[in-house]
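Down below is the structure, laid out as structure tokens.
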Ligand SMILES: Nc1ncnc2c1ncn2[C@@H]1O[C@H](COP(=O)(O)OP(=O)(O)OP(=O)(O)O)[C@@H](O)[C@H]1O
């Protein structure tokens, strides 16, 4: 921003408004029209409290989103305007009337042609069909324009869930697929698939009325309706949708009244031939704390699990995301990340984005050494968690043997040598004792582990290529 940094937070109301308008304008330029309208348009400035700019948005979901995706940028832009503003607080708060200039260049909300109450598609940054936030906004949370089927990478761990999601998107309320219950661990793509289904149904024939929301939002709406004695309107508006999608259903655990309401909504919609799609972190039968009758109903359509990622899927996701960003990332870096960051796709993506941002900022190519430096903290956090199982898995992957051979009695060199490498690395990288390591490798004696450790050290001395190979494995496993 050309303007010089200000000297402190004591801005007059007028100049505060001007600064805020410039910040919004700048963000709009940076993120593009679609993203701005989806996430940032409703953002208003509540004021400046001490060294903190307070920004409000109408829902908690939007607040979380803006905080995590744009929080740093907002802070940086505020600091450029006024160096006394050191923090930005994003809170739920009442909306003010649209701020001046807010909608002038972006008339989609008023002017976009609608079909059955739905805005027409806009062109997304990645070419995907996107729409402005749902105009019946009360119900549907905004959909992320990046979360479409086109950008979802399919591999063994998610192919079943993906196929079910596609089927529901093509033909909602098909027998056997209603409800569709998607479950899996954190950051594995449940929300991405849910949004993809919603985009596809909204973009399909017949302009179906899709309501997508988090379970948390469902609860807050319900409580608000109870307070304002408008539960009838609440029920009616919910039951008028064609497709109801509720994300993170585990949130309803222990919330008995909301569960009951959800149960009735669920039954009314399914009975009326409407589609329900739900996601959670566990299968219906494992969602302890949900009423039995609800668990039973949730499990009686299609239940699809998204499993933890495999090395191959991580590779494919990284290749796809690097290509989408238009940045050349060497194979060695892709392989390194796929080996190192195994927790979930969100972390993997975050690491790649950081590398790309770094490369763009400094105009440098992405390299393996650079990646280790830039991702130092993430890699260290992963390192602390290196376990014997992890070592066994990585070594088995590397030498292309079965994981079970790490503890099997097979003595063929092709299996025994990698097993010895894994024992050597377990000794080097964990604090486990020799007997403990032996136990984890099929109850072998500690002298076997001792022998493996010295044998691998000898081989590394004698054979530089072998030493390099073991070093590469160690680097992948290490901080
Ligand atoms: N198969 C995939 N292909 C492309 N991107 C993916 C895939 N799986 C996950 N992602 C990306 O990983 C990130 C996390 O995914 P998402 O938010 O859908 O996870 P989640 O399972 O809903 O997590 P949570 O349990 O925290 O709600 C998103 O940016 C998403 O686009």
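Including glycine, each Cβ sits where the backbone N, Cα and C put it.
TrEMBL has this to say about the protein:
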type	residues	note
REGION	1-106	region 'Domain I, interacts with DnaA modulators'
REGION	91-135	region 'Disordered'
DOMAIN	176-307	domain 'AAA+ ATPase'
BINDING	187, 189, 190, 191	ATP binding site
REGION	360-479	region 'Domain IV, binds dsDNA'
DOMAIN	387-456	domain 'Chromosomal replication initiator DnaA C-terminal'
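Sequence features annotated in TrEMBL and their locations in the structure.
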residue : record           : CB count, 10 Å
187     : ATP binding site : 17
189     : ATP binding site : 27
190     : ATP binding site : 24
191     : ATP binding site : 19
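Within 8 Å of the centroid defined by the CB atoms of 187, 189, 190, 191, the record's ATP site, lie the Cβ atoms of 184, 186, 188, 192, 193, 279, 306, 345, 346, excluding the listed residues themselves. In the predicted model, the domain 'AAA+ ATPase' (176-307) has a mean pLDDT of 91.
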